[in-house]
Amino acid sequence: MGTVGKKKDRPTHGCSTIPKLALELKQIIHSTTHPKVPPVTPLRVMMPLGKLSKGASLDDLIQMCIQAFDLDGNMGQNSELLQIMLTMHGFLLPSTELLMKLRTLYQDALQNRSFSFCLRICYFIRYWVTELWVMFKMDAKLTQAMEEFQELVRSKGEELHWRLIDTAQINSRDWSRKLTQRIKPNCSKKRKVSLLFDHLEPQELAEHLTYLEFKAFRRISFSDYQNYIVSGCVKENPTMERSIALCNGISQWVQFMVLSRPTPQLRAEVLTKFIHVAQKLHQLQNFNTLMAVIGGLCHSSISRLKDTSAHVSHDVNKVLNEMTELLSSCRNYDNYRRVYNECTNFKIPILGVHLKDLIALHEAMPDFLEDSKINVPKLHSLYNHINELIQLQNIAPPLEANMDLVHLLTLSLDLYYTEDEMYELSYAREPRNHRAPPVTPSKPPVVADWASGVSPKPDPKTISKHVQRMVDSVFKNYDLDQDGYISQEEFEKIAASFPFSFCVMDKDREGLISRQEITAYFMRASSICSKLGLGFLHNFQETTYLRPTFCDNCAGFLWGVIKQGYRCKDCGMNCHKQCKELVVFECKKRSKLSVGENSSMFDSGQLEVIPAGGKGQTNDCLGAEEGPYSYPNGDGDIHTEVSKDRTIMLMGSSAQKISVRLQPAVKHRATQTENEPQSLCLQVPSPQRSRTPGLTSHLPISPMPSPCPSPVPTRKKAYAKWENKDSIRKARAELRGGKAGIQELEKEKALLKEENTTLKIQLKDAQRRVETLRAELRKYVLDSDVHQTGS
C-alpha cells in the first residue's frame, strides 16, 4: 500500500506501470496526430487551445493575459487562459517571480510612455488580487513584493494605477468567510437532539458526518492541490492533511465503536448500524465518508470477527457487499467513476481517487514541449481537474446540522491508533481459533491506502477546544435544572458514545458529575487516545496480593484471599480478571523493581489527623485544586487542569459504604524543587462524615513514582481503611511505640473537639443551603402553576 506521505510510491518517468488514466490522457492529447488510434471519451469538456496546443513561452503567456483586458478593465478573449495562468503558474515559477516580471514590464512600459499597457498591467494585477486573494494571505513574500510595487507606482505619480493595485482589500477580506458560509447550523430549540450513539438514527449520523466532511473539503484551495501534485505528500499542507486525517479518523472510529462492545450481539448491532449509515451517505452522495465507513467495516480487524458476523442478517451483508463493490479499486475505480459522473448537484468525491488522477496526469505529461515551450495542454488539463473539485465547494449540502452533535462527533474522531493496536483489541474480543478451517479468500478490503500514512494528531490546544465545546453541549442538553451537575447514569450513556473507555469518574456529590469532572475525564481520555497512542500489550500475570490493592482500570477493590487479580510485569498495572481485556492504558516499561517492593502497599509512618483548613495543614498535602495532574511524556504544562478529589465507593463486610478520597499532593510551585518528588495523600473520611468536606486523615505515601500510566492518582502505596475511634487510637498507639500518655490524650481530645466544631459549622451551612434551595423550588413551582393557569 502506498501513502501520500511517501514520495517513493509516486509513478515516475520511464516506469512500466503508468496508471491507465495517464495513458488515456496521452491518447486524448495526441488523437489529432494519430487518427488510427480510437478516440477516448474526454473526462471534461476542454476549450479549444488553437495555436497554444503546441505550447508557448512564459513571456508570450504573460503578454496574452495582459492583453485580455481592455482600457476599461473588461475582459475579452483569453479569459480562461487568464484563469489558468493565475491559478497554475506555481508549476512554472513562484508567485513572487511572476509579480516581479509584471513589475519589470510596467517599468519598461512607463519608460516608453506606453500608458495604455501600464493600465492593462494594473487591471491584470487587480484581478489577481481580487479573485485569488488567498495567495496573498498565505504568502508573506508575495504580499511584501506587492506593497513594494505599490510604493513604486505611487512614487512615479500614477495615482490612478496606485488605486487599482491597492493592497488594502487583501487585509479587509474575512479569512473565515469561505470557511463558515453556506452551511447553516440548526439553532432550533423545538427538537431535542440526542447525544447518545445508540439513540442516533443512521440518517442523522450520516448528515452530521457529511457536515464535517464538507467543512474540511471546502477549505482545500487551488494552491493546496497544486502543492500536493508537486510534492506528492501533505507535508506543510494543513488543509489537505486535515481532510485526510478526518477520513482516517472516521475509519478508525467505526472500527473501535464496533470493537468497544463486549458481546458479539452488541458488536453486530453497531456493525449493522454503520452499514445503514453507509446507505444514507450514498444517498447524500458523500463518497469520501462512504469510503471511510466501508473501509473501516471491511478492515481485517473487523472482518475476522466471525462470531460477530454470524449475528448480522443476510440482507445487511448484501448491502455491505454492494457498497464494497461500488468502491472497489478494480479497473481504476470504474464502478465509482460511473456512479459519480451520473450524480448531480451536491456531491463529495473520494478525494484520494482524484488526487491520484492529478498525480498520474502530472507524471504522464511533460512540463515543456519542443523548443522549451510550456506545455499549455497539461496546465489546461490540470486546471480542469482541479477546478471541477473547487466548483463542488460552492454547492451547499441538503442538510441542517445540530452543533451539539457536531461537537460530540468532532471529539470522538480525535483518535490516534496503530494497526497493531487495532488487531490487539480485535483478538482480545475474539481470540484466534487454531482449530477453525481456513477462511475462504474474499474480496480485497476497501481501504483508503492513499491516506494511510497520515495520522490525525490534533494538538493539545485543539483537543482542549473540542472538549470544551462537547462539555458545553452535554450540559446544555442534559443539565435541565442548570445546577452544574448531570447524573452518573446519563454520563455513562454519553461516555458509551465514545470508542474509548476510561477510569471511574470523580464524584463531588454522590451520583452526580460536575462540569469540571467531565471536562477532566475527556481531557485525559482524549489526550491519551489522540496524542499519546495506546498500547494494549500488557504482560499480565495472575497475582496474590498480600496487602489491599485497587484495580487501575475501574478503581475497584481487588477482593479475595489468593489470586485476587492480575499484575503487569512490565509496568506494574493491577486489575481485575474481568478488566484485563478492557485496559486502555498504554504499557510503559519501567526500571526493574522487585515484586516485594512493588507489592508493599504502605510504608510505616506516623498517622496524623489534621483538620481541613486548620493550622496544622502544610503545603505538602494541598487540596485537590492545587494538585496538578501529571501527564505521561512530560505534557503536564500543556494539559494543566483543575482536578477534584477522587472518591471511590467501597463496600465493607457489613454492607456499609466507605468513601475513600484520593487527591494528589504536590508542593507549591514556589517551593517545589527538582530533587523533591511528588507524594500522594490518601484521605479516608469517616463513614458518618463522608458527605461533608470535613476532617480528613492524611497518610504520607512513599515518593516512589508510579510505573502505571494511569492518569488517576496512583494507589500502589495506599490502601482503604475503615475509620473508627478504636482503630485510629490503636494505630496511633502502635506507631508511637507505646501507650499514649495523658498529654497525648488531651491533645487528641482537643483535636476532636476542634473537628466537632468545624463539622457543626459545616452542617449549619448545609442546612441553610437546603432551606434556600427549598425556597427556590417552591417559588419555581408557584411560577410554573401561574404560567400554566394563565396559558
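Placed from the backbone N, Cα and C atoms, the Cβ positions cover glycine too.
Checking Swiss-Prot for coiled coil across the ranges 32-89, 264-321, 554-611, 728-785 points to 728-785. As a summary of secondary structure, the region 'Ras exchanger motif region' (53-106) carries 36 helix, 3 strand, 15 coil according to DSSP. Sorting each residue of the domain 'EF-hand 1' (466-501) by its DSSP state yields 21 helix, 3 strand, 12 coil. Each residue in the domain 'N-terminal Ras-GEF' (49-172) gets a DSSP state, and the totals come to 94 helix, 3 strand, 27 coil.
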